[in-house]
Amino acid sequence: MILKNTLVTRNNFNDFILPFYDPCFFIPTKGKGSRIWDQEGKEYIDFSGGIAVTSLGHCHPLLNKVLNYQSRKIWHTSNIFTNEPALRLAKKLVLSSFASYVFFANSGAEANEAAFKLARYYAIKKYHIKKNKIISFYNSFHGRTLFTVSVGGKSKYSDCFGPKPLGIQHAEFNKIETVKKIIDKNTCAIVVELVQGEGGVIPASKSFIRELRFLCNKYNALLIFDEVQTGIGRTGKLFAYEHYGIEPDILTIAKSLGGGFPISAMLTTSEIKSAIIPGIHGTTYGGNPLACAVAEATIDIINTKYILSGVEKKFKKIRFELNIINKRFKLFTEIRGIGLLIGLVLESKFENKIKDILYNSFLEGVIFLTAGKNVIRMAPSLIISEDDIIEGMRRFCCALEQL
Ligand SMILES: *Cc1c(COP(=O)(O)O)cnc(C)c1O
């Protein structure tokens with residue numbers, strides 16, 4: 001039966017799809033640049049960027065072209081073959097990063113799962129079976145597989161799914177003393193987000209990251225940067241670690257990498273590669289030609305001075321508009337983040353109004369995200385136009401008036 005012409009509505013979600021999510025009341029059907037349209041043809045300005053994914057906006061003409069072209073050549077090979085787009089993308093990632101080798105997967109969680117498994121495998125092969133302890137941070141987010149939620153710093157995401165994997169310890173983000181207390185010779189890795197994204201758009205301090213690198217060197221542990229949200233231009237550099245001047249041993253990227261096509265990658269060094277033999281890890285779709293072709297084009301566009309330097313300019317324009325709004329509404333106490341990963345920390349009187357603010361914004365035709373309890377998060381396209389910024393902020397103003 002072909003259901004193509006059957007009308008579907010938001011209510012059908014409750015009929016057929018498991019309620020792991022509670023999606024917004026309208027259904028987007030079309031996107032172009034930083035604007036999307038719903039079933040009724042109502043138009044919205046998108047500051048959510050598909051949760052920091054659609055970094056080149058919706059349906060970028062060049063990405064459409066590449067996807068189309070690749071779709072007529074070959075879609076899928078599995079890893080019993082390699083393929084040209086995967087090889088080209090891997091080379092590009094290596095040439096533009098600290099890394100010498102790449103592993104492709106399909107989501108942020110899978111890239112992190114691979115990173116945590118590899119860190120343990122490397123430590124156990126190179127040192128001893130007891131060197132398996134992973135240190136991560138409270139409030140951090142690394143994905144939703146059982147290993148990644150357990151490493152993540154919010155127990156509400158891992159509770160009731162036990163028994164949980166062992167050998168994971170949490171320290172406090174930006175508080176190096178709490179790491180020093182628990183790190184020891186059995187630590188195999190520390191994993192950290194350079195900007196805690198889901199946790200409230202909180203940047204790591206430079207001294208904190210420098211000290212983590214020092215501790216990892218001292219205890220022969222690997223430093224893993226989870227750049228799933230910050231990687232590929234989001235912060236105005238191709239990788240956020242470039243702001244810190246510190247290199248990791250393993251780095252994961254996903255969200256922006258495919259500009260909306262599912263793909264992720266784990267990057268690492270030759271030293272760690274030396275532990276790997278074929279067959280110890282894998283995934284059917286990893287390095288899919290469609291995904292890699294789109295990701296290659298995404299990097300080609302983003303990894304240019306023009307786009308990367310535009311990130312800071314666009315942030316400044318948004319900050320300018322937000323400060324005008326704040327004079328009138330006393331909405332937030334602070335704007336934080338790096339580049340176009342922006343968090344507005346709400347004044348306490350607005351804390352329990354965050355849902356209403358987002359809802360009113362939808363009604364006025366502008367889309368934002370939340371992060372944590374009291375932070376409005378923005379992760380717009382890196383090429384959002386000045387007109388879209390101004391119009392989006394005007395709509396935000398109207399939404400706040402209606403509160
Ligand atoms: C989104 C995110 C993940 C998980 O990515 P998925 O693609 O949802 O599995 C992991 N780490 C960070 C920092 C993220 O922002």
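The backbone N, Cα and C atoms fix where each Cβ goes, and this holds for glycine too.
Note that the structure is a prediction, hence the values are computed from the model and not measured.
Residues within less than 8 Å, Cβ to Cβ, of Thr284 (pyridoxal 5'-phosphate binding site) and separated from it by at least 6 positions along the same chain comprise Ser78, Asn79. Residues or ranges marked as pyridoxal 5'-phosphate binding site in TrEMBL: Gly108, Ala109, Phe141, Asp226, Glu227, Val228, Gln229, Thr284.
Residues or ranges marked as N(2)-acetyl-L-ornithine binding site in TrEMBL: Arg144, Thr283. For Arg144 (N(2)-acetyl-L-ornithine binding site), the count of additional Cβ atoms within 10 Å of its Cβ stands at 15 [all protein chains shown].
Under 8 Å, Cβ to Cβ, and six or more positions away along its own chain, Lys255 (N6-(pyridoxal phosphate)lysine) finds Ile51, Ala52, Val53, Gly108, Val228, Gln229, Gly231, Ile232, Arg234. Residues annotated as N6-(pyridoxal phosphate)lysine in TrEMBL: Lys255.
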Listed binding-site residues with Cβ under 6 Å from ligand 1, out of Asp226, Gln229, Thr283, Thr284: Asp226, Gln229
Integer Cα-Cα distance in angstrom, Asp226 (pyridoxal 5'-phosphate binding site) to Arg144 (N(2)-acetyl-L-ornithine binding site): 14
Extent of the pyridoxal 5'-phosphate binding site in Å [max Cα distance among Gly108, Ala109, Phe141, Asp226, Glu227, Val228, Gln229, Thr284]: 25
Ala109, Val228 as binding-site residues, winner by CB count within 10 A: Val228
Three-state secondary structure, which DSSP defines for Ala109 (pyridoxal 5'-phosphate binding site): helix
Cα distance (Å, whole number) from Thr283 (N(2)-acetyl-L-ornithine binding site) to Phe141 (pyridoxal 5'-phosphate binding site): 22
